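Chemist: Would you mind keeping the following structure in view while I ask a few things?
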């Protein structure tokens, strides 16, 4: 083996070791992101919803700032109910769905926890698509506005 090949192999191994320390991303967030794009027909990037208002993104508290933020609170509550009543792990639950001309739809074969989580995501994605987006509510100071 050539010395250059050994260096490349070593670099790959070191980078893989570093990546093993990174926490895995919840699988469901990928599906939910795709579902949002289906519902809004690609009009707004999913990243715009990651740090919006008091509830869109990680965590949530206080009173939602507008209709879109209420969609996120409803979604958070839906996941919370799935965790409590069905013992689901919504962020890790993988389900089957399709993107139709009228928006996202859960596969009819899904039941139990998968169906509940899929329904939560469809409801939220449709809600996002129907709610106005206010740029002033993106990346707000949650300590001040979300009491």
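Using N, Cα and C of the backbone, Cβ positions are placed for all residues, glycine too.
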Chemist: Which of these, 76, 77, does Swiss-Prot list as part of the Ca(2+) site with 55, 57, 59?
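Modeler: Record source Swiss-Prot; matching candidate: 76.
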Chemist: Identify all same-chain residues not among 55, 57, 59, 76 whose C-beta atom falls within 8 angstroms of the centroid of the Ca(2+) site's C-beta atoms; report them in sequence order.
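Modeler: Along the chain, the qualifying residues are 54, 56, 58, 60, 72, 73.
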Chemist: Minimum Cβ neighbour count within 10 Å among the disulfide-bonded residues 38, 54, 113, 118: which residue?
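Modeler: Among the disulfide-bonded residues 38, 54, 113, 118, the lowest count of other Cβ atoms within 10 Å belongs to 113.
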Chemist: Whole-number Å only: compute the distance from the Cα of residue 120 (disulfide bond) to the Cα of residue 75 (active site).
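Modeler: It is 6 Å, counting Cα to Cα.
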Chemist: Using Cβ-Cβ distances, find the residues under 8 Å from residue 88 (disulfide bond) that belong to the same chain and are at least 6 apart in sequence, listing them in sequence order.
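Modeler: Once residues fewer than 6 apart are set aside, residue 88 (disulfide bond) is near 82, 113, 116, 117.
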